[in-house]
Ligand code: NAP
């Protein structure tokens, strides 16, 4: 039986470290504060917002919600971003995306001050992930993958890692971060020849394809550590499923993250951690 790499356990450890840091900042008169900007009432956004608010309150981070109608004008939204930029009491900003089609999403993202970009929405933050230089925070999901591997003592240096997926949100940044930790990384996508072989040869397999159960028993091998980033709603089964077919892979591999309760459980704690960090940096502590 594989070891189950519980994201809930990782999040609990992260939260207690963050609580201590937030309490130390409070003693210095600094209250870490996250602005949440939501346009419209998308159920995905509302559910993430509820999770983020709960996690913030557990850790001792304050939240300022900015809720705008779905037909908000570009200049009105930019004015909110400017207000966040100029408010020294706000340390980070979470902007829900995708924005409605009539808005220029890139322009809105780029308007945010880099030091408040706790969710890696500006091209400057993403460039820092790729260059390994400069300030900025990596995408929370990509960092959550590394938090899990680190928490369970999985050595990365010199390891063969295969990442399935090359999106700018998950696949590419997580690949660069693993490379930065001296892993030997193979990035796969829909045109990859022999995907099962590329996956089997890895010592660590990261699945971020966004397709329920696309990684099956032919993709995994004994001794492997499998991190499943996928969150896919299976309407027929009425439950969330990962990109990995858990029932097929779990008996064969050494360790695996569950879905739900894996990477998704850690992402919000990473975000809150970025806010605490940004507050400490802003206060020069
Ligand atoms: P995305 O933008 O749709 O990208 C999916 C990537 O996977 C693409 O690069 C695609 O290749 C590749 N891919 C798709 N099907 C494949 C297949 N059959 N074989 C090989 N490669 C395949 O998705 P994303 O935004 O990166 O998200 C990936 C997954 O992570 C989703 O399930 C999403 O819900 C989940 N997610 C989880 C969290 C979290 O907190 N846990 C956060 C964000 C996203 P091409 O480039 O060739 O099309």
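For all residues, glycine too, the Cβ spot is worked out from N, Cα and C.
Features reported for this protein in TrEMBL:
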DOMAIN    5-119  domain 'Tetrahydrofolate dehydrogenase/cyclohydrolase catalytic'
DOMAIN    139-281  domain 'Tetrahydrofolate dehydrogenase/cyclohydrolase NAD(P)-binding'
BINDING   165, 166, 167, 231  NADP(+) binding site
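Of all the binding-site residues given, namely 165, 166, the one with the smallest number of surrounding CB atoms inside 10 A is 166.
Binding-site extent for NADP(+): residues 165, 166, 167, 231, maximum pairwise Cα distance 16 Å (rounded to the nearest whole number). Of the listed binding-site residues 167, 231, the Cβ environment within 10 Å is emptiest of other Cβ atoms at 167. Residue counts for the domain 'Tetrahydrofolate dehydrogenase/cyclohydrolase NAD(P)-binding' (139-281) under DSSP (helix as H, G, I; strand as E, B; rest coil) come to 54 helix, 28 strand, 61 coil.
Within the domain 'Tetrahydrofolate dehydrogenase/cyclohydrolase catalytic' (5-119), the DSSP-based counts of helix, strand and coil residues read 60 helix, 18 strand, 37 coil.
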